[in-house]
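Enquirer: Got these off Swiss-Prot a minute ago, pasting:
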type	residues	note
TRANSMEM	3-23	transmembrane segment
TRANSMEM	57-77	transmembrane segment
TRANSMEM	81-101	transmembrane segment
TRANSMEM	122-142	transmembrane segment
TRANSMEM	173-193	transmembrane segment
TRANSMEM	200-220	transmembrane segment
TRANSMEM	232-252	transmembrane segment
TRANSMEM	256-276	transmembrane segment
Amino acid sequence: MSGIISVMTQSLILSIMALGVYITYKILDFPDMSADGSYTMGASIVAFSLTNGISPVVATLMAILCGCTAGLVTGILHIKFKISNLLSGILVMGMLYSINLRIMGKSNIPLFSFKHLFNGEISPIVLALAFVFICKILLDLFLKTGLGYTLKGVGDNSQMIKSLGINIGSIKILGLMISNGLIALSGSLMAQFLGFSDVNMGIGTLVLGIASIIIGITLFKKFTFIKDTTAIIVGSFIYQFTIYFAMSLGMLSTDLKLITAIVIIAFLATGNLNISLKKTNAKLVPKINQKKEVL
């Protein structure tokens, strides 16, 4: 039972990261490879702060701020220096690896003996749920504002937004900052929940986030009343429990990437198959009606 609760808590924390990836991957259509580094940066900042006697709350806020800064750098490289979006993310990811290692001073820092958010009186799963709820509500509210609609517009049709006299570069940078801030928040919470920070803990973060997005949106795309943010949170749960049950059946931790790839392929293939069937049916219906009229 404790194992399931632990997986649920981790799913909640990782869903915050998935919400951050959603902004760049789904809204901005920006392949931000720096997500792995931003996630680890959140953990690194918290580890450094806690070991130096800084409050867990302040440490978590610092992690968010540093994540936003990472997004800002990615945006500047792409917008101001005209470096491609993919390469900008890769460059920042590489820089963050060295920066995170420099921040921590070593590759791994245990946090069990330090006071942090998850070893207080509040239950870890309740605290994680509170963070997810706040992030989801704030993101939903933001996306309903004029700035939020502009952010969506930049991803859908940047030329139209540009024709309105809006600086699309600034909007992209803002989106990257929010995205990486959420990802760093997730990393900081995960480090506190697990009780350690590791320089390699962010590897695969982007893939995990994309998997949660694909699973959630594929499952709930027919239900228009369900928001994407809700679908992504559920997708994160489904993905994490898929991994959990696969590990319970005896699969090795080295098989995680294989499992992830299979899960993503399965949901993508299912979604594409449904689209193909709809198109085929749409073509067949008029022909059937014509035959009936002839008869």
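Keep in mind that glycine also has a Cβ here, set from the backbone N, Cα and C atoms.
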Enquirer: Looking at the stretches 57-77, 122-142, 200-220, 232-252, which one shares the most CB pairs under 8 Å with the transmembrane segment (173-193)?
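Expert: The listed stretch sharing the most Cβ pairs with the transmembrane segment (173-193) is 57-77.
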Enquirer: Against which stretches of its own chain does the transmembrane segment (57-77) lie, if we need a Cβ under 8 Å and a gap of at least six residues from its ends?
Expert: 32, 34, 37-38, 41-43, 45-46, 49-50, 83, 88-89, 91-92, 95-96, 116-117, 169, 172-173, 176-185, 187-189, 192
